[in-house]
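Over in TrEMBL, the protein carries these features:
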COMPBIAS  349-368  compositional bias 'Polar residues'
DOMAIN    45-319  domain 'G-protein coupled receptors family 1 profile'
REGION    344-368  region 'Disordered'
TRANSMEM  29-54  transmembrane segment
TRANSMEM  66-87  transmembrane segment
TRANSMEM  107-129  transmembrane segment
TRANSMEM  150-183  transmembrane segment
TRANSMEM  214-232  transmembrane segment
TRANSMEM  266-287  transmembrane segment
TRANSMEM  299-322  transmembrane segment
Amino acid sequence: MEMSCDTVWNYTLEPSLALEDIYSTFDTVAITILMPLLLFFGILGNLAFLLMLYRVPRMRSLTNFYLANLAASDIAFLLFAISKRIHDYRIGSVNFSPAHNGVLSCFIQYLVVDLSYFASLFVISLVSVEKFYAICRPMRHRVISRWDRTIKLTVCSWIVSLGFATTVIPSYCSIGYVCIIWPGGGEYDHLPGRFAYCAPAADWAVPYANALQTAPFFIALVLNTTAYTLIVKQLTQRVNRPHGPQAVVPFPDQAIKLRDQVAKMLVVKGTAFFLLLAPFEIVSILLSVNALSYSQRMVALQICRLFSYLNSAINPLIFGMVSSKYRHAYREAFLPARGNRVGLEPTPAHSQDNRSATHQIPASQSSS
């Protein structure tokens with residue numbers, strides 16, 4: 001070949017290896033069916049959550065401010081990550097994501113995806129810490145639970161995430177070219193022989209990017225697991241404690257129930273978050289030590305992508321399934337007539353009891 005190539009793959013001697021670079025049936029199902037479904041329902045669900053917060057003012061709590069930022073990062077992640085996969089599939093037949101639009105496509109795809117990933121990691125950790133204080137250190141939580149502090153922490157999370165995402169740019173900031181000598185016989189005649197791909201600027205860039213992606217994940221995993229364990233322990237112990245007038249701090253029983261329900265929801269969400277992202281991090285470690293063959297790598301990465309997309313798509317579903325507070329808020333936002341019927345004023349005979357159970361929520365509980 002006269003074209004300039006950084007790498008040459010010659011499949012004329014082993015034609016079967018060429019099949020590893022062509023989209024498989026699993027790839028086709030994943031990209032044409034599963035990914036569009038995850039994109040559609042993920043965007044729809046996260047937008048619905050943001051719209052619910054806009055339409056239901058009482059849901060604008062500190063915790064939900066964090067979750068709104070998580071929804072925004074999930075939307076960006078789904079849009080850029082899945083759209084790129086679908087675009088590559090539509091215009092090409094090889095499965096290694098060529099850089100069809102040059103280095104610009106590398107920046108657009110990876111920078112936004114990395115930013116969204118790190119932001120999600122930091123925000124979910126902030127949610128866990130906030131809920132840990134609300135459940136396990138309620139008096140301390142009343143002191144530090146302020147909007148200005150929450151906004152500052154969130155802004156710092158995005159700034160640090162952008163810094164992390166920027167430092168891994170050298171792992172994809174140049175263009176490399178791979179030239180492929182396809183087997184004869186006509187089956188591969190329609191395929192080009194030269195592809196551009198996002199290449200690292202230096203040998204150290206890829207190992208650094210993998211380490212920077214993996215290390216914060218496992219640090220956050222330990223931090224969040226510790227917080228979840230302490231939260232669950234506290235909620236379990238609280239079952240045997242007196243509530244209402246006999247409690248040391250006379251919080252309304254309904255307020256405590258709602259707060260604990262939200263805490264359980266966040267534990268479920270956090271657990272799902274780490275379980276769905278863990279396979280990708282484990283595969284990244286295996287790739288760094290060359291423990292997988294090329295075909296195993298392609299299949300494993302495709303499965304891990306689906307898990308990561310699912311993680312960004314299921315948050316609103318988890319909120320609605322676990323917490324009646326969020327289910328009622330969704331009904332109020334999108335079925336206003338039904339929401340109004342549910343929220344009618346109580347009858348005079350029970351008005352005082354209901355008001356004390358549902359409206360007299362202390363400042364330390366309003367963040368949930």
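For all residues, glycine too, the Cβ spot is worked out from N, Cα and C.
Whatever TrEMBL says is automated annotation, not expert-curated.
By the Cβ criterion (under 8 Å, sequence separation of 6 or more), the transmembrane segment (66-87) is in contact with the transmembrane segment (299-322), since 3+ such pairs are found. Within its own chain, the transmembrane segment (266-287) has Cβ neighbours under 8 Å at 63, 120, 124, 127-128, 131, 210, 213-214, 217-218, 220-221, 224-225, 228, 231-232, 297, 300-301, 303-305, 307-308, 310-311, 314-315, 318-319, 322, counting only residues six or more beyond its boundaries. Mean model confidence of the domain 'G-protein coupled receptors family 1 profile' (45-319) amounts to 87 (pLDDT, 0 to 100 scale).
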